[in-house]
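What TrEMBL annotates here:
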type: DOMAIN; residues: 42-352; note: domain 'G-protein coupled receptors family 1 profile'
type: TRANSMEM; residues: 30-51; note: transmembrane segment
type: TRANSMEM; residues: 63-85; note: transmembrane segment
type: TRANSMEM; residues: 105-126; note: transmembrane segment
type: TRANSMEM; residues: 147-167; note: transmembrane segment
type: TRANSMEM; residues: 227-248; note: transmembrane segment
type: TRANSMEM; residues: 293-312; note: transmembrane segment
type: TRANSMEM; residues: 332-355; note: transmembrane segment
Amino acid sequence: MDSNPSVEELTDYTWVESAVEMISHILNGYLTAAFVITGVVLNLFSIFIFLRCERTGTPAIQYYLVTLTMWQTALLCNAFLLYSLPNLLYGKLISTGSYVHIYPYVYTFANTTHTGSVWIVLTLTIDRYLALCQPLKHRAIGKRSRVKRLMLVVSLLACLFSLPRFFEVHAVEICQAVKAPNGTTTMGPTTATITADLNASRDDTQYICYPAIDRTALFDDRLYWSVYHIVLAMMFVTLCPCLLLCALTARISIELRNAVAQRRQLCPPNLDIDRRCKAKATVYSRKEHKANIMLVLVIAKFLISDILPTVADLLEHIVGKEEFMSSSMASLFVDISNFLLVLNCSSNFWVFIIWGKRFRKSVKNFLVSTSCGAALYKMTHFGSETVGFTDVTSVLIPTVSPLGAPFDTKRSQRTHLAVSSKCTEIRTYASTANTVRNGSSNCWDYEKNAMLQQLEHQRLLSS
């Protein structure tokens, strides 16, 4: 039986490899670069908003989100140096050349940022679980000072845990002989070998040396691979944190749904007291509920993006690293999983802006404080404030006096317009919140004076 592949099979295999290389080039090159640039800009803007605006309602969550955003921004920068920039410069991932000198540092810090992101998300999930399921314990351990120390300790432990990665790869000098005594070309792995060859021979053989990335003996050590890459990595980075995140996220989702059901039972929509309940008692509960939903979305988004790298690590352990790295489909699977991590790290701003009411308000206040933002805001809200104050004024001015004497309808309409124009004028030219508050009080004093004048006029007519 002929075991040699046919021409059609070779053609199909070549076409598949070409398609995989093209998809990998697009993912690692252009798409990763686009999401890295936008993600870094938006993440830095988010950190600026978090640190600039004091978030008095949830101070502990602020430090979780700032630390997570910083780790994910660093992960985006490492992904750009490790995957995107080589594809944009050379058209593929390279293992030789002067660029490989940064690989040991970028490779180590990329694993560090991923580990730090996993642990920060895990601590954030545990914090939300304690806040919803064990609130008394959360009050004792969820203080601002303790959260600060916790973030520093977790970040330091992530750096220490990923430190052995730096000794797994290194840059070596690969030298090639361009002219040998017998007319052939030889390869020399190190400079020491070339020096020995030069001392041994008397001919004028020339060598061309170039740097290349290579694995160290530590990476090929079976004991180190079994303990660090399989046991410790699965326990602290990939499998166990992923399962724990799934369980805690499901538990948090159930508690949020139960909280909504209990709130509806305590405040039925048909009772008149529901309006007061919604206006006063449940305002903080609704804000906290939306904040918890935002945090659950951040956790779930990270969990979805981290599943594929976990599966890739498991497949590499099951199949073997040599067979896994030689497969083109496995390389494409790794590229897709890396791109999902980049997509997750660059999309947190949109979760904050959509689900975070305070974050959205802080962004709006910052943009309005700038000249361009104020002009744009004035253009988009032209004429809306006049209508709003007119409606509010017409509702607040009664058509019957407190003493029971009817108002003059025409006089009342003129009073409505006068008070409305006065409120609008004060609102338009106010520059600060205190000025707006003072202007509003003057507006209602003007209304009171108009009502007293109307009563005096009716008393004179009746007499």
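Cβ atoms here come from the backbone N, Cα and C positions, even for glycine.
If you look at the transmembrane segment (63-85) against the transmembrane segment (147-167), you find at least three C-beta pairs under 8 angstroms, all six or more positions apart, and that counts as contact. With a threshold of 8 Å between CB atoms, the same-chain residues lying at least 6 positions outside the transmembrane segment (30-51) that come near it are 62, 65-66, 69-70, 72-73, 76-77, 79-80, 83-85, 87-88, 338-339, 342-343, 345-350, 352, 359, 362-363, 366. Here the listed stretches are 105-126, 147-167, 227-248, 293-312, and the one with the most C-beta pairs under 8 angstroms to the transmembrane segment (332-355) is 293-312.
The predicted model assigns the domain 'G-protein coupled receptors family 1 profile' (42-352) a mean pLDDT of 80.
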